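For reference, the structure discussed in these notes is given below.
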2 protein chains.
Amino acid sequence: MSKPRIVRAPRGAELSCKGWVQEAALRMLMNNLDPEVAEDPDRLVVYGGSGRAARSWESFDRIVSTLRELEEDETLLVQSGKPVAVFRTHADAPRVLIANSNLVGKWANWEHFRELERQGLMMYGQMTAGSWIYIGTQGILQGTYETFAEAARQKFGGDLKGRLVLTAGLGGMGGAQPLAATMNGAACLVAEVDARRAQRRVETRYVDRVSEDLEEALRWVLEAKEAGEALSVGVVANAVDVYEGLLERGVVPDVVTDQTSAHDPLNGYVPAGMSLAKAETLREEDPERYVAASKASMARHVAAMVAFMDAGSVVFDYGNNIRQEALGEGVKRAFDFPGFVPAFIRPLFCEGSGPFRWVALSGDEEDIFKTDEALKALFPEKTSLHRWLDLARERVAFQGLPARICWLGYGERAKAGLMFNEMVARGELKAPIVIGRDHLDSGSVASPNRETEGMKDGSDAVADWPILNALVNAVNGASWVSFHHGGGVGMGYSLHAGQVIVADGTEAAARRLERVLTSDPGMGVVRHADAGYERAREVARERGVRIPGVTE
Amino acid sequence: MSKPRIVRAPRGAELSCKGWVQEAALRMLMNNLDPEVAEDPDRLVVYGGSGRAARSWESFDRIVSTLRELEEDETLLVQSGKPVAVFRTHADAPRVLIANSNLVGKWANWEHFRELERQGLMMYGQMTAGSWIYIGTQGILQGTYETFAEAARQKFGGDLKGRLVLTAGLGGMGGAQPLAATMNGAACLVAEVDARRAQRRVETRYVDRVSEDLEEALRWVLEAKEAGEALSVGVVANAVDVYEGLLERGVVPDVVTDQTSAHDPLNGYVPAGMSLAKAETLREEDPERYVAASKASMARHVAAMVAFMDAGSVVFDYGNNIRQEALGEGVKRAFDFPGFVPAFIRPLFCEGSGPFRWVALSGDEEDIFKTDEALKALFPEKTSLHRWLDLARERVAFQGLPARICWLGYGERAKAGLMFNEMVARGELKAPIVIGRDHLDSGSVASPNRETEGMKDGSDAVADWPILNALVNAVNGASWVSFHHGGGVGMGYSLHAGQVIVADGTEAAARRLERVLTSDPGMGVVRHADAGYERAREVARERGVRIPGVTE
Ligand SMILES: NC(=O)c1ccc[n+]([C@@H]2O[C@H](COP(=O)([O-])OP(=O)(O)OC[C@H]3O[C@@H](n4cnc5c(N)ncnc54)[C@H](O)[C@@H]3O)[C@@H](O)[C@H]2O)c1
Ligand SMILES: NC(=O)c1ccc[n+]([C@@H]2O[C@H](COP(=O)([O-])OP(=O)(O)OC[C@H]3O[C@@H](n4cnc5c(N)ncnc54)[C@H](O)[C@@H]3O)[C@@H](O)[C@H]2O)c1
């Protein structure tokens, strides 16, 4: 039995477990391993390097059989992807508690982890792989959409209509940029040095058009911008040539960023003035010269971004470490423009806003479309949410069980969760809804090189917060709660918590939903208020988050 | 208001909070700062270096005022000794959730911690300081008693009557050895190089007699041993001279260990053949020569211990790292005898056995004496428990609120907790009882240099276990739950969880007690069963701890 096989979650309203919460855990574990969802299902790898759903096929089978027998007052404990205990708890307790990849600080590195993994003692859970709530690539698109939307809200009164976005890189993450930009109404020009990559993005409709000629590409986007039309254009060229080319022509985009693979100056970034073919041979023949050329190119790249900033563009770093490399090359003003987390994500975190996702256990896409509509009716004022939901329906292909993601804040999440529960209760949906989130959220992660970089008070590395988050969500009755180490940025660099809660239409679920979907984003407001963010304190005061010494 | 002052917990049956659980948290926080209990109450330091109960006096005041107002369906969150949030939860939830001193792995060191502490962003919680369940020095004595008792159970059929224990060191920890040995019925000879230290231990009745003459001291203990009398004798001499002296005379003690301060070869250990006065000057004048002499002496010290082992003694290392130093000096067989954790503590951990403690909120000593008697009646077969309780009553002075500690295992803890709750319900005790424990317990700590050193499967550094422990105890309704970093062995070296639960005599408390006092030691059985300890698997099978793949 315990061998690789094709796994797909059951669909429909029939239970194979003794309750919907257990059934939800079972289906979501299986869904994480669905070939439509998982990167390497045979090896139980869901996404993100080696992020796994279970430690081994034997553990998978034991988790499944235990969930099938689990009573409504029992809880299964999972330790790094292996089921290790069943304890009697109570009806309002989580049905599953999960701890993945956690190591004592001194041993919190890849070497020790890999040794334990080799001996079958541990598993890497990433964020949503080991906590059974990965929903495919929709999350990347939505995260990028949300970043542009927040920029639009902060700087352009709500959307990017009639605005020009300049960026570069059409790779795994970066490829979401043009679609996320047009979803916000922008005209978007993207430089990509690799023609095949650009072409692939046209085929999947993430980019509208491609040109090999900067003149032509620029004409297209400027016309679209003037007409207030959303249009994305890939230009097959080095980003440096494109950025400097626009500066020479006096074209000042409204937004400038970059997602070339600058984190890797040898195997990622392609230096200006070098063809792709030349780059490939030089990498082999003279890696040192290659890296030197890359870094020199990044210096020009960042200098151009600073020049755009001086000319009035909204410029930000998109997490590829290009500022650091440029600084090393003597670009003193490299850090004059901010990273995307402090600029656009942290203000959302201050409102308890973060990635709210839900899945239709029925397996029926109609259930998601109904929730889309209901959510729009619930939040008539959230225009960028409306735009996202409409475009997601049109452009996002479901992977595995139909799912949706959008960012909601403190107050909104509880409201949405209760509404979904009522829809299930009224029979408007064909089966219960599972509500979860990424561990990357406002009050659930300590990750000094990413989510908690540059906290106002210097508390980047303080990890009490995700622990309190896991504890309060578990206590409040989340369906399953997870606590992981090393997600996103690797061993030693992050600690983070997840929660998933099932809306099965019962009164009991409504009580739990209300509590968990309040305390969970509440932790985000509290964490940021404690770090001194005034907006978080305002939100606490306005929406009734109780903070001793601040609101009382 | 927020200034140092003398704090003492309220006594009696009158509430100053809205429920007994809140009241218990309030009293136990205050009790930790009682001058009888705390080492440096003005600085909020309870014990163990800088282990604090609250981050500042301002935080202390805010915790107190929040607890006084806290409703029966609310939970206070404490982050490194500071109250940071109040969330609505429910009646069966913990009233307080605590996370202290937790840092992301890469930053998990004293330097980063001290910097955050200096900025007022963190606090060191040790184990029971920041989790409001320290009860003074009774714990050290009991831990040592339990170690000797386990040795007695394993090797001598239950007690040490008619047995000779040889050890050394009458310092802060080591001074508990002679009393713990006589409490187990032994004749005990302790070498201590410092006459004043030995004398102080006579005054506090931890040692019965002292002699400067090995011949005399040996006669006393051998006579006691023959007569089956419990007697402890301190001999003012270097441990090496005493150990070698006994070997020369052909005296083979039944048990041999050592708690000289061998962890510190410069400022702790005194080399053989050196007077105390000489030692003090040489430390100053030629520290290198001093250390060399220390290490050479430790080599003889350990060689003597190995010789005792060969002659038939039960020999173990008592956590002072003396084997490591001797090995470094070429004593190849230094690690032939085991450390005390694998030898005597881990077998107890395999049974879910660990430090169970309780406190009488009435403040009345009679309440503790009644629980002592009730516990003896509940476990008529546990003879070493009876001996401990009788002697503790006679020998242990209470500090702060009257408290008791003893080790109980899986099954026993729930039984004891429910009995205490019934005693409260029947009005036999004057107020509720608080039940807690050290974080040093069977399923609640990952500490590769101490509690989880040398785990059978090499999983010493795996920290999923204490996280699952904290989560399941919180879910099951412990009154307060804590998760700390760095207790016992310092920053970067440990992660551990605590739980405290109140027996207020209600039905609801009985349900919570039964659940928590089952899942908490259950985690110990599970953790050790998973690591491959056969005894833990037996205990799981015999007592109904459910482990997928092992019991089902
Ligand atoms: N924002 C975030 O949270 C986040 C998350 C993950 C990754 N990143 C960073 O974003 C970057 C992109 O990630 P990805 O997964 O898309 O990488 P990728 O390697 O899949 O794609 C990078 C693309 O950039 C192109 N490129 C390289 N140099 C170029 C140049 N000089 N001009 C034009 N195009 C060039 C490559 O041809 C490739 O298509 C990485 O540095 C990554 O570390 C950011
Ligand atoms: N078992 C545990 O879990 C545990 C816990 C904490 C500490 N320890 C270790 O136990 C040791 C003792 O701890 P402590 O707090 O009592 O230390 P301490 O420094 O208070 O006392 C050590 C005593 O040993 C005496 N001494 C030193 N060298 C001697 C020698 N050669 N012969 C005779 N006496 C000598 C000193 O005079 C002193 O009284 C330490 O090494 C400590 O690290 C073990």
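Note: Cβ is positioned from N, Cα and C throughout, glycine not excepted.
Note that TrEMBL annotation is computational and uncurated.
TrEMBL annotations:
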type	residues	note
ACT_SITE	A:Cys406	active site
BINDING	A:48-49, A:Gln126, A:172-174, A:Glu192, A:Arg197, A:238-239, A:259-263, A:269-270, A:Tyr318, A:Gly488	NAD(+) binding site
DOMAIN	A:7-133	domain 'Urocanase N-terminal'
DOMAIN	A:136-344	domain 'Urocanase Rossmann-like'
DOMAIN	A:347-541	domain 'Urocanase C-terminal'
Pop the Cα-Cα gap between A:Cys406 (active site) and A:Ala239 (NAD(+) binding site) into the table, whole Å please. 31
Would you kindly give the Cα-Cα distance separating the residue listed as 'active site' and A:Gly172 (NAD(+) binding site), rounded to the nearest Å? 20
The rounded CA-CA distance in Å from A:Glu192 (NAD(+) binding site) to the residue listed as 'active site' is 28
Rank the binding-site residues A:Gly48, A:Glu192, A:Ala239, A:Tyr269, A:Gly488 by the number of other Cβ atoms within 10 Å of each Cβ, and give the residue at the low end. A:Gly48
Cα-Cα distance linking A:Cys406 (active site) and A:Gly48 (NAD(+) binding site), given in Å to the nearest integer: 21
Among A:Ser261, A:Tyr269, A:Gly488, these being the binding-site residues, pick the one whose CA is nearest to that of A:Cys406 (active site). A:Gly488
Summarise the model's confidence over the domain 'Urocanase N-terminal' (A:7-133) as a mean pLDDT value. 97
Using all protein chains in view, find how many other C-beta atoms are within 10 Å of the C-beta of the residue listed as 'active site'. 22
Number of other Cβ atoms within 10 Å of the Cβ of A:Ser261 (NAD(+) binding site) across all protein chains: 18
By the DSSP assignment reduced to helix, strand and coil, which category contains A:Tyr269 (NAD(+) binding site)? coil
Counting each residue once, how many in the domain 'Urocanase N-terminal' (A:7-133) are helix, strand and coil under DSSP? 41 helix, 25 strand, 61 coil
Conformational class of A:Glu192 (NAD(+) binding site) under the three-state DSSP mapping: strand
Would you mind sorting out which recorded positions among A:Gly48, A:Cys406, A:Gly488 put a C-beta under 6 angstroms from ligand 1? none
Please state whether DSSP places A:Ala239 (NAD(+) binding site) in a helix, a strand or coil. helix
